[in-house]
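> What follows is a single structure, and I will ask about it in a moment.
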There are 2 protein chains.
Amino acid sequence: MKNPIAVLGAGSWGTALAVLLAHNGHEVNLWARNQEQCATISADKENKKYLPGVIIPDQVSLCNNIQEALSDTEFIVSAVPSHSVREIAQSICPYVHEGTIIINTAKGFEPKTHLRLSQVLKEELPDYCHDHIALLSGPSHAEEVGKNLPTALVVAGDCQSSAEKVQDIFMNRFFRVYINLDLIGVELAGALKNVIALGTGISDGLGYGDNTKAALITRGLAEITRLGVSFGADDKTFSGLAGLGDLVVTCTSMHSRNRRAGIQIGQGKPLKQVLSNMGMVVEGVNTTEAAHHLARQAGVIMPITEQMFQVLFHGKDPENAVISLMTRSKTHEGEGEMLSSGNDPL
Amino acid sequence: MKNPIAVLGAGSWGTALAVLLAHNGHEVNLWARNQEQCATISADKENKKYLPGVIIPDQVSLCNNIQEALSDTEFIVSAVPSHSVREIAQSICPYVHEGTIIINTAKGFEPKTHLRLSQVLKEELPDYCHDHIALLSGPSHAEEVGKNLPTALVVAGDCQSSAEKVQDIFMNRFFRVYINLDLIGVELAGALKNVIALGTGISDGLGYGDNTKAALITRGLAEITRLGVSFGADDKTFSGLAGLGDLVVTCTSMHSRNRRAGIQIGQGKPLKQVLSNMGMVVEGVNTTEAAHHLARQAGVIMPITEQMFQVLFHGKDPENAVISLMTRSKTHEGEGEMLSSGNDPL
């Protein structure tokens with residue numbers, strides 16, 4: 001019998017991935033932080049709170065003890081939000097060994113430090129783990145994966161053979177996994193797209209249409225690509241599933257928390273109230289702050305991110321933010337990438 | 001007083017552009033092919049059939065005589081479908097002069113010849129016009145432009161100064177126009193995106209979700225970019241408004257005829273019935289045939305286009321087409337662009 005796979009975090013995505021892995025023939029230990037929630041999911045054979053309607057098969061064992069979840073496992077799938085990644089890394093550290101592959105699925109930066117999550121994992125885990133850190137990313141709403149609707153993603157990592165192992169455990173007829181060795185690109189694309197998703201949500205909340213949204217998506221992808229490239233990412237990654245694909249799904253789907261939060265902001269609700277309404281983590285808010293910081297650091301102009309930062313953290317009226325974007329001076333497409341050129345790139 | 005601008009074709013897009021130009025302070029001659037329709041729009045001060053709810057200002061004069069529409073004009077905006085572009089070019093030929101700028105707005109290929117529309121215009125118009133042929137493209141549903149919702153587009157052409165003149169007449173606070181001198185790229189992107197829009201419509205019609213659609217958009221953009229690059233286009237154009245932007249809006253909006261046609265096909269309706277239901281031109285059907293032909297010619301693998309061709313012209317079951325796409329062998333992202341590599345790029 002094969003060793004079990006550990007999935008840490010029983011939110012919607014952790015649950016969907018545990019079910020998928022079980023359908024692929026693996027034993028899965030699904031760790032839920034909350035003891036009561038753990039018992040409820042286990043008794044119901046369903047995660048009624050975060051992934052209702054999807055039956056959890058017997059190959060998935062719920063557990064509340066992280067040591068127990070990790071015993072004899074070769075693969076650890078982390079499905080906790082960005083702000084919990086360091087804590088999780090510290091918790092798993094005593095139990096990893098040379099062959100362990102760690103697969104992060106969160107998309108964001110660590111709050112305050114603005115570190116990418118693979119950087120956080122590398123800070124906390126032993127050196128021999130560093131090559132075996134992978135990231136699963138791409139357009140993949142848990143609700144749809146739970147229903148076996150066709151989905152395509154990427155697995156990113158520094159090591160080809162680890163990435164192939166991750167591809168092997170996840171891939172099936174409905175879940176297509178591509179390998180991309182540009183880890184930094186996949187990480188930045190997946191995180192930064194949430195800034196643009198908040199922005200398109202705001203546009204929707206203001207009552208603007210599909211034309212406006214498409215312009216924000218296109219120009220938004222251009223600016224997050226510029227930032228990524230300045231940190232060494234491959235621009236092609238941003239045109240791929242982890243960039244464009246995830247951006248499109250996040251900006252157009254009602255499953256997206258970032259978009260839904262943006263809609264409420266566009267309708268005039270204050271940020272604090274929006275975040276408390278959501279009841280779940282809205283990664284895009286923290287990511288906007290990180291992106292604003294990184295753009296300054298790299299000297300990259302990001303007009304949409306800048307306006308989002310002003311709206312979220314300085315109370316700028318969203319309608320004025322859109323007007324600021326639409327009334328910039330005339331330009332050529334693709335012109336004016338860097339601060340030093342003095343051009344306006346939107 | 002400035003010379004009037006001619007807009008040829010009083011469908012939704014021609015009407016929306018005529019109204020926009022009038023709001024920008026221009027006199028506009030809006031030519032409608034059908035005499036009765038021309039009289040009705042003129043009397044109603046509204047195009048109730050194709051752009052209901054938008055008042056046509058007095059600066060727009062409806063006319064049914066093409067010579068009259070073109071008298072003393074420096075700009076001719078062609079807003080007829082792809083299959084009528086040659087006929088329109090022949091009609092305007094006697095009235096053009098050295099300074100005339102011709103702006104095509106159709107997105108497609110000429111049926112049967114599979115020529116790009118600027119090639120058709122160049123075949124029919126005098127040499128001195130060739131540098132002054134421009135194309136207005138990008139994510140721009142007429143219904144939303146008519147409501148002054150923020151919209152961003154590109155004007156493409158071989159000649160910088162002509163493109164700047166076009167930018168000047170159209171640009172306003174709600175309608176942002178970028179210049180892109182990659183005419184072939186803008187033309188191919190605008191046309192080919194309709195193949196993918198039909199495909200995502202089919203996916204929606206089959207009941208698949210946002211994940212599937214995002215994967216089709218991403219991999220679709222990759223394959224139409226490959227084809228474009230093989231014909232000399234700049235790959236960046238495909239990541240811009242005329243490519244990605246227009247693709248996103250076409251694949252996610254109910255305003256899109258190509259998407260709506262795809263949905264009906266996905267629901268199992270025969271192509272003939274779908275086309276007769278639509279009552280308007282569905283450019284993507286002819287474009288799929290053209291793209292299939294051009295891909296063969298260039299030796300470029302286009303898995304989605306190939307499946308679309310099989311569904312539209314050889315009666316392949318749409319669900320089997322999706323399965324064919326999802327069960328290709330495992331690959332790296334960005335791998336296997338050309339036939340000669342022997343890889344499957346989806």
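Keep in mind that glycine also has a Cβ here, set from the backbone N, Cα and C atoms.
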> Considering the NADPH binding residues B:S12, B:W13, B:R33, B:Y50, B:A142, B:R257, B:V281, B:E283 given in TrEMBL, which of B:K107, B:K193, B:K213 is annotated for that site as well?
B:K107
> Kindly point out which candidate in B:D131, B:D246 is recorded by TrEMBL as part of the sn-glycerol 3-phosphate site with B:K107, B:G138, B:S140, B:K193, B:S256, B:R257, B:N258.
B:D246
> By the DSSP assignment reduced to helix, strand and coil, which category contains B:R33 (NADPH binding site)?
coil
> Chain A sits near which of the binding-site residues B:R33, B:S140, B:D246, B:R257, B:N258, counting only a Cβ gap under 8 Å?
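Of B:R33, B:S140, B:D246, B:R257, B:N258, the entries that lie near chain A are B:S140, B:D246.
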> Can you break down the domain 'Glycerol-3-phosphate dehydrogenase NAD-dependent C-terminal' (B:182-322) into helix, strand and coil residue counts using DSSP?
111 helix, 1 strand, 29 coil
> How far apart, in Å, are the two Cα atoms that lie farthest from each other among B:K107, B:G138, B:S140, B:K193, B:D246, B:S256, B:R257, B:N258, the residues recorded as binding sn-glycerol 3-phosphate?
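With B:K107, B:G138, B:S140, B:K193, B:D246, B:S256, B:R257, B:N258 as the binding residues for sn-glycerol 3-phosphate, the largest Cα distance is 16 Å.
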> Measuring Cα to Cα across B:S12, B:W13, B:R33, B:Y50, B:K107, B:A142, B:R257, B:V281, B:E283, which the record gives as the NADPH binders, how far apart are the two most distant ones in Å?
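If we measure all Cα pairs in B:S12, B:W13, B:R33, B:Y50, B:K107, B:A142, B:R257, B:V281, B:E283, the largest is 21 Å.
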> According to DSSP, does B:S12 (NADPH binding site) fall in a helix, a strand, or coil?
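DSSP call for B:S12 (NADPH binding site): helix.
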> Round to a whole number and give the Cα-to-Cα distance in Å for the pair B:R33 (NADPH binding site) and B:D246 (sn-glycerol 3-phosphate binding site).
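B:D246 (sn-glycerol 3-phosphate binding site) has its Cα 27 Å from the Cα of B:R33 (NADPH binding site).
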